[in-house]
Structures are given as C-alpha cells and as structure tokens.
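To keep things clear, I will list the structure first and then write my remarks on it.
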C-alpha cells in the first residue's frame, strides 16, 4: 500500500532513538524525507514503497548518518545547500565533516557515529533554499535559515514547518537551545524570528518531535534573556547521560557565540 501523509520516525542512536527525529511526507506524486538520522540508528523505513528526495536541513552528523544505507535501497536524490555538496561527495570533504564533528561533540561523536562513506556525485543536488516542490496534495518550500550552520535550511510543507536545528529542541517539557559551536548568534536569531512569522500550525523539531509553534516563541524569549540559560532535564539512564552531554555542548556554543556580539 502506498505511503501517504506525514510520518515521524525516531532515528537517534540505539541508546536513545528519540533524540533525533526524521520526518517523511508522502504525497501522491513525491515522497520526501527530511534529514537522515545518525549512522548508529536502527530506524525502520521499510514502510516506504519509494523515496524521491532526502532534504538535509544541514550537514551535522546526527542529520546525515543513514544516507549511504538509504541510497542503497531507494533511488532518491539528496538536496543540500549550494556550496556544500563537496562535504558529502569527496574524501577530503567527508574527512573534514567527521573531524569537525568529533572536535565539537567529543564522546558523543562515537555514540552517534560519523558519515561512513562518501556519496556519488549524481546523487546530490545543490539548492539555494527557496525552491518549491509539488508533492501531490502537499506543497513543499525550502527556506534558508542560517545561524546554527551556514548551510542550514528549513522545510515548509503547507502549514507544517520542519526546523532542523534552527529553532530549538524540546524534551520533557523543556526548551533547549540548538546552539553548538560554532553558531552565528545574530543569524540564528534572525532565522528563528522569520520562522515564527510564518505562523505554522505544527512544528517538527529534529530533536524533540512534533510541537506547538508556541515552543518557538518560548525559545525566542529564552534566547533574548539577559540571564545565563540554565537547563535541567533528567530523563535518567543512558539516554539521560546522552542528552546531558548534548545540552552541555549546546550551551557552550551559545556562551561562545555571545562573546562575539
């Protein structure tokens, strides 16, 4: 039976699958995946009868890890911000991508896993971040949202906004800045405000799942606060330790970015 509608799939590491979410929108014409999880994931995509595009919100390893596996199964094209295809399709680019991730994430790099092999040139298409696609029953628009990364894009499908890491994360009722080193604080804030102005009905976080758009507004207030942000989320066990380490990375990046303002 053909896939239809929106699907939300946990695609984090086996110790904490819910830390990363991949979204699939199945239209009558096209099926699109938003991000590709971590390489150490056991995410199940077997319900998909086809896959036309994989939109990468950005190239951090927790969003691209399953690309080689997915492209072995499906004849999909990968959409990435213009100027950054080389990091997926060359040995030198792949090395830089993984080394940068290890430097920022520390032990978490080995929990998530890196991108294990480069992709074929013809599998990756560069986009500017303002393209539109008719999925058949749904209209998809790419939106350039730099700040978290220079190559960050969000995806608007009708009234559903998929923000990647450009508008925060959300676990156990707590909003978490998605601000690891090296972010551009000013651009991050501009992208966050611009997405709030879109007035989506539902927001899909890459870390935290589907949430109310009010969470983005809460995150904006959090980021504008004069006080240093403190995050306390205790979910226990190995998953709790992974989340704690990721929060530490994000808050470190936020502190460093504010020094340059």
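Don't overthink the numbers, they just go from 1 along the chain as shown.
For all residues, glycine too, the Cβ spot is worked out from N, Cα and C.
These figures come from a predicted structure and were not determined experimentally.
Among the candidates 92, 107, 165, the residue that Swiss-Prot annotates alongside 62, 63, 207 as binding Zn(2+) 2 is 165. When 7, 148 are compared with the Zn(2+) 1 site residues 58, 60, 165 in Swiss-Prot, the one appearing in that site is 148.
A Cβ within 8 Å of the Cβ centre of 62, 63, 165, 207, the residues given for Zn(2+) 2, is found for these other residues of the same chain: 20, 35, 57, 58, 60, 164, 178, 206. In this structure, the CA atom of residue 62 (Zn(2+) 2 binding site) is 11 Å away from the CA atom of residue 165 (Zn(2+) 1 binding site).
The Zn(2+) 1 site is defined by 58, 60, 148, 165, and by the 8 Å test on Cβ atoms against their centroid, the other residues of the chain that qualify are 57, 59, 63, 149, 152, 164, 166, 178, 206. Taking residue 207 (Zn(2+) 2 binding site) as the reference point, the binding-site residues whose C-alpha atoms are within 10 Å of its C-alpha, out of 58, 60, 148, 165, are 165.
If you take the C-beta of residue 58 (Zn(2+) 1 binding site) and look for same-chain residues 6 or more apart in sequence within under 8 angstroms, you find 81, 148, 149, 151, 152, 153, 164, 165.
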